[in-house]
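Just below is one structure, and these are the notes that go with it.
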């Protein structure tokens, strides 16, 4: 019946599928192939093209399909790279809207030639392209700059992150070619601040040919204040006075601001920013270690339309500050990872208080919050609601099976669940069973008490005494000793699951609950009890896996992979580091079954030789990254 649908309707249906599913759908028939190709022309799809002569036919084919977004990897100043850039400009340039050259080393001439062939460009990523700015002569010729300005008049987003040689002059030349710029990233660039005699006087009046100064950036922001909407200054060492100066720019109405790792920022400066830039919808203050609860109070008071907030590694943030989050009624994403003083009680109070509905959180990260306990999570999970899709509780080492069962009860719409290093998780928790009881071994008195309880259970007399002893046996810690909670299988929408280092898990639970046909990413690293039986069960229950991490699972063998590999035709990233029993036979099996593999890690696998790795690489040339450190039983004595 699908064959009789109009092409437009079939294209619309396939557009809702993940990218990997669209690829699979294209193999069904000619009509589905055409529909899938149309769906893959979406502007949010980026094709990563390795720079080599072998990519030239693919570039031509993509050009015929009108692809709008690409990224070029392994770009350098070689003739092959020059040839690829010419091909991209000719075949893809007229329709290209997004271009990523991150980490590449193109020559200035080839880069300018590429830009001139892309008149529709809206997004340009030059992060890490230091070779373009080393000489300081990029776009120095007025004629060249004028031509580039004509083709970049529609550029909205420019990423210049990590450019160590970026200066005021080179920045001004490039930014002047993009008059309609709305989003700018200078993350981890070396920004200089020169304080004058009066505090708040920042920088010299003139642009510098040898450094990137905040004064020059501030002048740029003032000139573009009416259009600039997003700014990323992460890792630039921004000073409190500089942040205040940015917030005070007349006409500036930022929507997104990232200040990750700016450790000198003060609570007062953040409060000033929030008061002056009240329209912010996304704010990243991760790693700003001097910030305390006052900053969160200012955010809640002034940023009523905030949707995304990242506060990772704020060691001074406490539950008292978290209570202010109740004022952010539009918050969708919250990151409090590595806030060691946050126990979750303040978050419960913020989300569960008031007469208004709670914020529709879609993503919450409390990873590495060592103060987080079961009791806080029990109270928090019910108020999060069914809107939550991503939950990260990695390294919350005090959490137990009770937390997992609460998640499976209330958060059934989760698509991402990370529980790495939650070492108290056990099989019965994943299976949704009651906690197994154990015979007391404390001593003769406890043994006699247990014996008496067993006798009383078998008799109908002394009911009052029986109830009293049962109450004492259960204790205040667990009034319901045999809970029947739902299992992990309740989370049918899971796309990513991380159980790294949950070392008490065994095949007994993994074979029963890892049955997620739509699961894309799975990590079972550092599970010492995982055997071939569990591996085969996971392969049959999770056939759509694309990323799989099984490092340090020492019981896995060639026999298990011989049965499992055929179930994972979509596998792209595979980590088998330190799986000591695997040999080259497993590499041959993977090479035959997993034709879409792109990355493989077999580091520290003593029974796999370098010859086997080279043979595997020849068998699957599309594998762009193979980690093979210390394979073949290398002596690590001098390296560790």
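The backbone N, Cα and C atoms fix where each Cβ goes, and this holds for glycine too.
Note that the structure is a prediction, hence the values are computed from the model and not measured.
Taken from TrEMBL, the feature domain 'F-box' covers 3-37. Annotation source TrEMBL lists domain 'F-box/LRR-repeat protein 15-like leucin rich repeat' at 253-380, 492-614.
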Number of helical, extended and coil residues in the domain 'F-box/LRR-repeat protein 15-like leucin rich repeat' (492-614), per DSSP: 42 helix, 15 strand, 66 coil
Structural state census, the domain 'F-box/LRR-repeat protein 15-like leucin rich repeat' (253-380) (DSSP three-state): 44 helix, 15 strand, 69 coil
Helix-strand-coil residue split for the domain 'F-box' (3-37), DSSP-based: 25 helix, 0 strand, 10 coil
